[in-house]
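The structure under discussion appears below in the form of structure tokens.
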């Protein structure tokens with residue numbers, strides 16, 4: 001754990017290499033476990049203000065052992081930040097894979113996928129790198145292609161996958177305008193070419209069938225609905241591709257042993273770090289909530305269980321107090337009046353808006369020391385997290401929590417001429433069994449964010465029964481510079497992480513505990 005940019009993903013890679021080196025087992029499997037990283041980073045990482053290679057999803061890697069030899073592995077992914085596909089703030093980029101494609105594809109391949117100059121695409125904000133950066137991306141694209149081959153993606157699957165990504169980019173350039181004859185909304189003349197390039201021509205009937213009448217919303221509102229539908233399609237398509245890649249990786253790494261054989265397991269959890277940007281949205285709330293849970297898990301093991309053991313054995317011990325973040329978790333997770341419960345409740349009301357949601361929070365948490373209403377014109381609120389105060393902008397909270405896709409759009413995907421797209425949305429694919437729990441409920445509903453957060457909480461509960469080791473990553477400076485240590489930045493992290501108290505409990509406590517047999521033997 002640690003802040004965004006503190007080195008969690010790099011530490012995870014080093015830890016994996018170290019474990020593989022220690023067990024000297026099935027060298028091919030070990031190589032495969034290490035080689036899937038470029039693939040996950042290309043599709044799941046992006047440049048942010050805090051980190052040039054920031055994980056925009058959480059991952060849990062389970063290594064399965066038989067007699068100290070790795071026999072298999074499984075990867076679980078949590079909360080991919082799909083909204084990044086359609087929007088990035090200043091100084092940030094979309095997922096790496098889009099830039100790698102522009103740098104690595106030949107002119108003929110770009111023509112085949114209908115890709116033009118990268119500066120034209122709205123979803124990557126027209127931002128591209130210098131010549132040196134493009135050269136590095138070209139090399140990264142080659143790494144991705146090698147990883148795809150190694151994992152076992154067929155050539156046609158790779159072509160389909162890149163066609164979907166190119167289609168997503170073209171879709172972002174489709175705009176809408178009023179149809180003067182009947183008052184409905186149509187794809188603007190200027191973006192007909194982009195619609196063709198997106199290879200989803202049926203969208204013409206699909207996102208523009210919002211007829212205008214005096215009783216219905218204004219045409220500008222209908223244009224906005226069409227824009228939202230377009231962005232939903234892009235986010236869902238990308239999310240499904242990412243989930244499919246993870247499933248294919250798991251097929252490759254699955255253990256091939258007799259089911260009766262008991263395997264032992266080491267699990268490594270590498271999640272997105274705590275974030276506090278100039279503008280913090282729904283995604284930052286989810287990320288910071290996950291970090292609050294990890295901090296609580298750490299406190300529970302290092303302080304509560306440890307000191308309870310001393311008390312139980314009547315050891316002379318002066319209790320060490322620590323910064324308990326339970327009140328913040330209650331604010332966020334309590335039922336029925338925690339922030340997430342209130343968000344789900346508001347999301348269920350068609351008439352609810354981000355403003356009604358914020359009003360509800362202000363009235364429910366009046367007097368709560370962990371919550372502060374927003375002062376100023378921006379609709380939002382602040383939460384006093386264990387790592388400090390974060391101000392959240394409430395715009396888009398309800399929409400992102402609903403994460404819905406109209407049923408007719410789903411039907412369109414299922415009947416797509418791109419075989420992979422059809423497979424991803426029927427859930428029939430052997431590989432996309434993850435979809436089995438997605439298909440409960442209405443067919444247009446993606447798994448709600450609250451539910452996806454719940455899956456991360458279930459993982460945390462499982463971890464309470466394990467024997468955890470904590471790797472705390474400390475960020476040396478805020479400038480992303482190597483070899484520079486800013487002692488104030490470091491001290492702040494040591495304080496809010498509870499590491500100063502941890503040092504005290506390790507120094508004054510009883511860290512070496514031999515069994516009675518070991519002691520007597522000695």
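Placed from the backbone N, Cα and C atoms, the Cβ positions cover glycine too.
Residues or ranges marked as domain 'Myosin motor' by TrEMBL: 1-522.
Feature annotation from TrEMBL assigns ATP binding site to 2, 3, 4, 5, 6, 7, 8, 9. Sequence-distant contacts (6 or more apart, same chain, Cβ under 8 Å) of residue 8 (ATP binding site) comprise 1, 2, 55, 270, 271, 273, 471, 473.
As annotated by TrEMBL, region 'Actin-binding' applies to 456-478. For the region 'Actin-binding' (456-478), same-chain residues at least 6 beyond its ends with a Cβ under 8 Å from one of its own Cβ atoms are 1-3, 5-8, 11, 15, 58, 60, 76, 78-79, 267, 269, 271, 273, 290, 293-294, 297-298, 300-302, 333, 484-486, 489-490, 493-494, 497, 499.
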Exercise. Are there residues of the same chain, six or more positions away from residue 7 (ATP binding site), whose CB falls under 8 angstroms from its CB, and which are they?
Worked result: 473, 475
Exercise. Given the recorded ATP site (2, 3, 4, 5, 6, 7, 8, 9), which additional residues of the same chain have their Cβ within 8 Å of the Cβ centre, ordered by sequence?
Worked result: 51, 273, 473, 475
For this session: Report the member of 2, 5 (the binding-site residues) whose C-beta atom has the most other C-beta atoms within 10 angstroms.
Result: 5
Exercise. Out of 4, 9, which has the highest number of nearby Cβ atoms, where nearby means within 10 Å of its Cβ, if these are the binding-site residues?
Worked result: 9
For this session: For the region 'Actin-binding' (456-478), give the DSSP counts of helix residues, strand residues and coil residues.
Result: 9 helix, 0 strand, 14 coil
